Amino acid sequence: MTTPTKTATRRGALKTLAGGAAAATLPLWARYTHAQTAEPIRIGFQQHRTGIGAAYGRWYGRATEAAVGLINAGGGINGRPIEIVAEDDGTDPKRGAEVVEKFANQHGCHVGFGTLFSHVVIGSAPRAGELKLPYFVVSEGTHVSSGMLNRYTLQPGITDVRSQVIAMAPFITDTLGKKVTMIFPDYGFGYDHRDALAPAIEAQGGEVLAKIAIPPSETSFTKYFPKIPRDTEVLYHVMVGPAVLTFVKELGEFFGGQGPELFGFIDSLEAVAIDSPGLDFLEGSHFWEGMCRHQQPDESAHETFYREAVGVDARGASVNDPADVSTYGHMFGCWETLHVIKAGMEAAGYRGPQDRAALIEAVEAMTDMPHSREHPQGAKRFNGKTHQVFGHQYISQVQNGTLTRVHTTAIEDSAYPDMVDYTTQAF
Amino acid sequence: MKALVLHLGLLAVLLALHFVLPAYHHGNLARIMVLASFAMGYNILFGYTGLLSLGHALFFAAGMYGMGLSVQHLGLSAGPALLLGVLSGAVVSGALALLALRTSGVAFMIVTLMFAQAGYLTILHFSEWTRGDEGFVLALAGRMAWGVDLSDPNARYIAALMLFGICLMLSLWLVRAPFGRVLVAIRENEERVRMLGYDTFAHKLAALTISGTMAAAAGAAYGILFGYVGASFAAVQYSILPLLYVLLGGAGTVLGPFIGTLFMFYLIDLSSGITTAYMLIAGIALVLLTLFAPQGIMGELRRRLWKGLP
């Protein structure tokens, strides 16, 4: 007896709801149709404000702010200013994907940008692809060029781990030693190191003796160090997360200055002052740097401009607080990516979301990016098929407590065969 | 009858919302329904049986990886992979139940927590297969179920609603069936139930397996619907989240987990726009709720307005 009444009520409710909501969204449609002319270009900035990537997030934010200030002061993109819409992803893939949805569906962003940690990129990229939101990551992971992601995901502002490792392996074997043990985070970014280093070292006649993986949330590292084989000549270390300083300190305590040669990724020391107490043992050791944290005597005018614009002193710390050390080896990626977005949008004659595919095609068509104010880290070459940029790598040695550049690799040194051709994928 | 109308009514409203919600909230609600299914599974064990597990991330992940690995390495399509995910959840929760139910109280909490942590570390350990913490993207072909593309927003919403509907009606039926009554009796006084001649171990075993299987179904669905499988879903926070959802919404109420999930999701979503300390806001909200509505939102409703609310 109650069933017919219930059906009728539900239908009624449905109609009312549908009508009400359609009416409620009408103003949104109107706003959307005339959002073409001088309205800002809204760029969704997926920022690691909290979680294990927070130090990077803070500095990615500053580099982004500086780049946007510069672009807007120069007339913006096609005369339209950039507006950054920052959302915290908590350095978490679930939240990351939600944030991407928020950019596309709630904030009306034209593109998404700025993600660093691999798991957040990989968790978010499928949603960016489904929502057809161009997603410019600044992650270093090889996941873009591996073909795992989609046509909407690009990495034009920072080189990937595989290319970095390939470029540097000859220096390690020729200068430091041929028997290498690696310590890396038990995490996607670390796997890129793990998978790329052994073949690169072997190609130079060297050998990787042991691969020691450490979970990124680890807080004590002493139990891992006894696993390092005694005949190790070079200890290759890369670590991320909040405990990097503990890691490096415990490494020093374990070897007490008597151990193998150390070759580290600056990731192990990002946002950490190299003259922190207990790090003296790093004197003489080598580091990969995406960009030289300590000002070099021959620093280019472009880099000096960039350093000043972001507010970083000659030691790589904030000009306002010498204890606030930047993530200098990575954050240039935000600056450069924003300039690539600008160049791409201008080349595509970008007007709004209907031109997103044209924007991606315009970026895919890019090749050489000369060393300039837009690309202060150095010249780069973009591979439109793999959506990955290639560039110079810097190796520095700690000399008198200062990271001094001792070697620069050529762009060609970092090349590897294409693993994907994203341009064959439909939009 | 009133209860049935209420629960079917919620499903009808959720179906209606499918047609009217703006894209962002439409996507959010799909997520919320899947997470609420996870919480409903948790509620069977915690809310109705009185067993506080701190290891439900293990079951969520068992479902997600049972599904994800079979898509990735066996090339299965979404349908069979989903079933395999649910099956892995049933096996893992059944096996865990046999071991963990030898303990009770605090020991049960610790044992479940430890097993979940072991599960998380296992995923990291076999990183060659699982891609560890980084996880992997499910190929589009692996997200097709019986000809339906589950990456499509409409299909995703309807699939999430179907899962939610099944879990909701199953929960409702279960807690009102004699079996569910025994679970509630175990929660209230296990000794007395045993004296009455019931096999309490068997009932708890079944409750934990049903609870774990439901959590696994949610995990498998989450992976398929949002295209990503990663170890962070096996981390301890995914054991805490369903507990929070259930506590907020009302433990031992069928609708509580949904209300709690909805509340918590939007609380975080809105407060993260205001401050980076959004977990603090969530924490304060929880404290306030515990102080003023210790039985959760639906529990409070039951106390004040509707004594018979299931």
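Cβ atoms are placed via backbone N, Cα and C, with glycine included.
Just so it is clear, the model here is predicted, and its values are computed rather than measured.
Positions annotated as transmembrane segment by TrEMBL: B:46-69 (among others).
The transmembrane segment annotation in TrEMBL covers B:81-100 (among others).
Annotated transmembrane segment per TrEMBL: B:106-126 (among others), in sequence order. If you look at the transmembrane segment (B:106-126), the same-chain residues 6 or more away from its ends with a CB under 8 A from one of its CBs are 51-58, 61-62, 65, 92, 96, 99-100, 132-133, 231, 234-236, 239.
For B:157-175 (among others), the entry in TrEMBL reads transmembrane segment.
According to TrEMBL, the transmembrane segment annotation covers B:205-231 (among others). Counting residues 6+ beyond its ends, the transmembrane segment (B:205-231) has Cβ neighbours under 8 Å at 30-31, 34-35, 37-38, 40-42, 44-45, 48-49, 51, 53, 56, 58-69, 72, 78, 81-82, 85-86, 88-90, 92-94, 96-98, 100-101, 120, 123-124, 130-138, 142-143, 145, 150-151, 156, 159-160, 163, 167, 170, 174, 179, 183, 242 in the same chain.
Residues or ranges marked as transmembrane segment in TrEMBL: B:243-268 (among others). Residues 6-7, 10, 28, 31-33, 35-36, 38-40, 42-43, 46-48, 52, 54, 56, 164, 168, 171-172, 175, 184, 187, 278-279, 281-282, 285-286, 289-290, 295-302, 309-310 of the same chain sit 6 or more residues outside the transmembrane segment (B:243-268) yet have a Cβ under 8 Å from a Cβ within it.
Tertiary neighbourhood of the transmembrane segment (B:274-294): same-chain residues 244, 247-248, 264, 267-268, 300, selected by CB-CB distance under 8 Å and a gap of 6+ residues from either end. As annotated by TrEMBL, transmembrane segment applies to B:274-294 (among others).
Distant neighbours of the transmembrane segment (B:157-175): 3-4, 7, 10-11, 14-15, 18, 26, 29-31, 33-34, 36-37, 40-41, 43-44, 48, 145, 148, 150, 183-184, 210, 214, 217-218, 221, 224-225, 254-255, 258, 310; these residues of the same chain sit at least 6 beyond its ends, with a Cβ under 8 Å from one of its Cβ atoms.
Beyond the ends of the transmembrane segment (B:81-100), by six or more residues, the same chain brings 53, 55, 58-59, 62-68, 70-71, 108, 111-112, 115, 119, 142, 145, 204-205, 208-209, 211-213, 215-217, 219-221, 223-224 to within a C-beta distance below 8 angstroms of the stretch.
Listed as Cβ neighbours of the transmembrane segment (B:46-69) (distance under 8 Å, sequence separation of 6 or more from its ends, same chain) are residues 38, 81-82, 84-89, 91-93, 96, 100, 104, 108-116, 119-120, 123, 129-130, 136, 138, 175, 180, 183-184, 186-188, 203-204, 207-208, 211-213, 215-224, 229, 231, 233-240, 242-243, 246, 250-253, 256.
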